[in-house]
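What follows is one structure encoded as structure tokens, with my remarks underneath.
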Amino acid sequence: MHQSKMDFFCKLGYGKQDICKVLKNLGQEALEDDVLKELIRMGSKPQALESQAQPSQLKLVARGSCSTTHGGASGLRWLGEDGNDSSDSLRPIVIDGSNVAMSHGNKEVFSCWGIQLAVDWFRERGHTYIKVFVPLWRKEPPRQDNPIADQHILEELEKQSVLVYTPSRKVKGKRVVCYDDRYIVKVAYEKDGVIVSNDHYRDLQNENPEWKWFIEQRLLMYSFVSNRFMPPDDPLGRHGPTLSNFLSKKPVLPEKKCQPCPYGKKCTYGNKCKFYHPERHQAQLSVADELRAKTKVPLAPGKEEERCQRPP
């Protein structure tokens with residue numbers, strides 16, 4: 001029994017001296033829970049925890065050399081030199097909250113649940129910078145002419161520093177609303193991010209030629225299919241980048257696939273043909289070598305010996 005308890009706590013990483021000391025105090029018949037409590041009370045820690053508590057020392061590596069040890073790899077990660085952080089490679093997301101909410105509510109209800117669906121979709125992809133712009137007057141109680149559904153979601157997103165209210169106020173009973181579209185385009189342009197909206201912002205395109213290019217190249221449209229937020233797989237058209245490349249700062253170029261020539265070996269364009277000819281890329285003999293190989297006749301064994309002995 002003593003040996004089994006020793007083996008059990010040694011596997012947990014505790015030292016033999018501490019285990020023997022506790023078993024001597026509590027007796028050989030002490031329960032494992034009591035022994036574990038006594039070890040914790042004494043301040044004994046497993047060796048794995050002690051090694052984690054000690055600060056890891058970074059090893060100096062000569063320039064140009066590669067370190068394959070685990071410590072070297074962890075040092076690179078600690079220094080942030082591996083460049084594999086997904087959040088750094090993804091573009092910031094700026095969502096037109098009013099456009100998304102009205103689209104989810106079939107242009108009849110301001111559905112805050114639609115905003116939550118869009119935010120969750122980008123969070124699952126790994127985006128860390130997500131901002132939603134909504135006019136401030138949407139915090140007011142809903143009215144019959146402006147119904148709002150799931151208004152509590154706006155408060156939750158505001159606490160998470162995701163939702164931003166654009167300013168608005170009342171002057172002599174009339175509401176003065178700032179243009180929230182200008183906030184959306186300006187922040188997305190400064191952050192070099194992506195605008196999520198089905199609006200084309202034509203008025204803002206005419207204001208600034210730089211904004212015009214940015215809106216044309218960085219506008220991500222979407223659809224809602226059965227409470228599912230679905231952006232297109234080809235945001236800029238069939239011949240444009242894929243959705244993953246569109247949302248990435250460092251797009252991955254696809255491998256170039258050569259289209260085979262429809263005429264095959266009957267093609268008369270020669271080297272000027274723009275299509276792929278697999279037979280031309282294989283190792284082939286020249287015409288002269290091919291003719292020599294066809295016309296070469298093997299000599300008889302006797303004659304071959306005479307040819308070898310014949311003086312030059």
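One-based numbering along the chain as shown.
Backbone N, Cα and C atoms are what each Cβ position is placed from, and that goes for glycine too.
Since we're looking at a predicted model, the values are computed, not measured.
Per TrEMBL, the features are as follows:
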DOMAIN    255-280  domain 'C3H1-type'
ZN_FING   255-280  zinc finger
Quiz prompt | Mean predicted confidence [pLDDT] for the domain 'C3H1-type' (255-280) | solution = 77
Practice problem: Could you break down the residues of the domain 'C3H1-type' (255-280) into DSSP helix, strand and coil, giving a count for each? | Solution: 9 helix, 2 strand, 15 coil
